[in-house]
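Novice: Pasting in a structure now, in structure tokens, and then I'll have a few things to ask.
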């Protein structure tokens, strides 16, 4: 400020820099109370958007000039040619209430936006870096989707005729405005690869990949790990990888897992968006015990940067339930490898034949393997548990002889890659955006075609759930996913082959917020009813929109349409035994859709997949996925700082006079005195609800989730002192037919809501009391985010 002392004018850039420093100090001050002060949290977020907005280009022309070398040619040209109109559209949006909501999601939302999602001119985001603003990011995405519509006439025609209202959408700006409004209002959130890379040159937009490589020899194993896996990790996406056929000349599977682990760690070095691999193995493999031990804390060479999953045949569960001392036999893939292709009765028959002829490598009591499985779960939070019978019985085509025994990184996408590489293409609907003031818009009608709202809450008569908005969101998600499939780059030839099946996965976020805003608890009967209706409508609308791409747009059905169950008119929910009288949507509408689908086909092979959404839920400030609230106050810890993560829906309803007591108990409603506990009962967390009830709720929505759901166990520390408790949950999930019986096991310590850790269990799953069977874990306590997994951001691709 020497110039000022000499009476000289201060340069504008110096004044702005000093103002930014002052604002950052104010932000740091507000962050201290952001956990309990809703306005402080919102103000900190607004100010952070303001500060970072100064580092963004001033208008669209300046944006294209700054980032033009990164933009795909068509997107570059569209933004440049329509710059003035786009500026006007963005300005109108900024002057409306939706922009205020966008920048008022809190400090964590703003930090996440600029740390992870927006473009910058310097990868590290240095002092001189120029950033996209939030609206410029959404404009880039909208421009990409618009360009794909004009590149693919079927997409353009469908969007124009279905979304055009009384008149068709004709100009590029019409399409841009349609996509921009949905994205910027956060009605639909795309997966992280799309948010970061849509519209860029040579952009990888797939969320996750699934591999089933041949690992029967040393050469083939090395080829799978270095030739096939490496390009997928370098594309910054997560991978699900089947290891069931690993034999590799007698080598130990842990050495293979360490190879994979090292690749993941290398790719994550200096990487803004960490990636990982979920390795899957079936329970009959001769090295299953070594596989389960690969991540245990007592293993000096544990593979802490990857994840594991097991696929369990129904036969194992039945043997265990009949007699835990029954012998379970393990096989070499060279002898029993064909078991991998079988499920149900065919698996049972072949397993029995191999045992009868003494072709097994070894055997052990079923309870010993169950204990090894549960011990790994309690110590590490995984492996994921898939039901082999369920994922194959309910798959979109018959898999007997080539059965599926693996999933993607977050266990919600189930596909058969054959000798190629399957791809996940994801988006999620922000369900609270479907709430509206009662009486607005259409009246009640048939759920499939004009249902106005679901009126469930006399306690909060000002809000109702609008199925019109939900259907519009699902249609938009279908268009965006298909634009990403058609316009993205495939990292390997195998990915390109499987993209022809055009598998889509539409999920949700904010389900718990919807129930709370309607004045209901997560487990209330009315909430359960709305839960099932939401996913029925989503499945119906996704199939219908995909069918319209064929009937309206003239696109061909996906590559494997003739082999699909839908080609025979079989909806996913019918394989669950669901009858018309239990459905929300009228029978006539389902039958009309069946007729159209059978006659014309669908553009996509799959439709609904419920992913975790941990990343995009931070952008919106909503609860994750379909889960109950995880905590009412927690924090997000990164290598830079700790940012408070309050439950915004909770804070909006907290009386100021109740804050001291709520703060004393860390927002834990279950610890409040009875009157206050009753007042805030709608904000109980996932740890407060019965895990059995959560499993039943997951089973109730399963008929409408044609892929799977990242269903997790939320357990209190006292529960896992008895391994039999976890065992019973697994058996219940199997009995109710869940495809993903368990994605992750989160354990809440009794001492503190925000200090969670994995525990060590040393008692048998068949001992009931667990007395003396538990010892404290030797890992340090973790924040809520770190309780979920060792690498909390590893599933950004799915979010």
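Note: Cβ is positioned from N, Cα and C throughout, glycine not excepted.
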Novice: Among 164, 165, 238, 439, indicate the single residue that Swiss-Prot lists for the substrate site containing 192, 207, 208, 408, 409, 410, 411, 412, 612, 613, 614, 615, 616.
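Specialist: Record source Swiss-Prot; matching candidate: 238.
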Novice: So which range, 730-764, 765-799, gets flagged region 'Disordered' in Swiss-Prot?
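Specialist: Within the set 730-764, 765-799, Swiss-Prot attaches region 'Disordered' to 765-799.
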Novice: What is the Cβ neighbour count of residue 412 (active site, proton acceptor) at a 10 Å cut-off, with all protein chains included?
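Specialist: Summing over all protein chains shown, residue 412 (active site, proton acceptor) has 29 other Cβ atoms within 10 Å.
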Novice: Per 10 Å Cβ neighbour count, which of the recorded positions 192, 408, 613 ranks highest?
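Specialist: By the 10 Å Cβ neighbour count, 408 comes out on top.
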Novice: Near residue 743 (site 'Important for electron transfer'), which recorded positions out of 192, 410, 412, 424, 615 have their CA within 10 Å?
Specialist: 410, 412
Novice: Other than its own, how many Cβ atoms are within 10 Å of the Cβ belonging to residue 424 (disulfide bond)?
Specialist: 31
Novice: State the Cα to Cα distance, in Å, between residue 192 (substrate binding site) and residue 412 (active site, proton acceptor), rounded to an integer.
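Specialist: Just about 16 Å between their Cα atoms.
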Novice: To the nearest whole angstrom, what is the C-alpha distance linking residue 410 (active site, cysteine radical intermediate) and residue 208 (substrate binding site)?
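Specialist: About 9 Å separate the Cα atoms of these two residues.
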Novice: Checking the contact step here: among the recorded positions 408, 412, 424, 744, which have a Cα within 10 Å of the Cα of residue 615 (substrate binding site)?
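Specialist: None, since no candidate lies within 10 Å.
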Novice: Give the distance between the Cα atoms of residue 412 (active site, proton acceptor) and residue 424 (disulfide bond), rounded to the nearest whole Å.
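Specialist: It is 10 Å, counting Cα to Cα.
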Novice: Using Cα-Cα distances with a 10 Å cut-off, which of the recorded positions 408, 424, 744 are near residue 208 (substrate binding site)?
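Specialist: For residue 208 (substrate binding site), the recorded positions whose Cα atoms are within 10 Å come to 408, 424.
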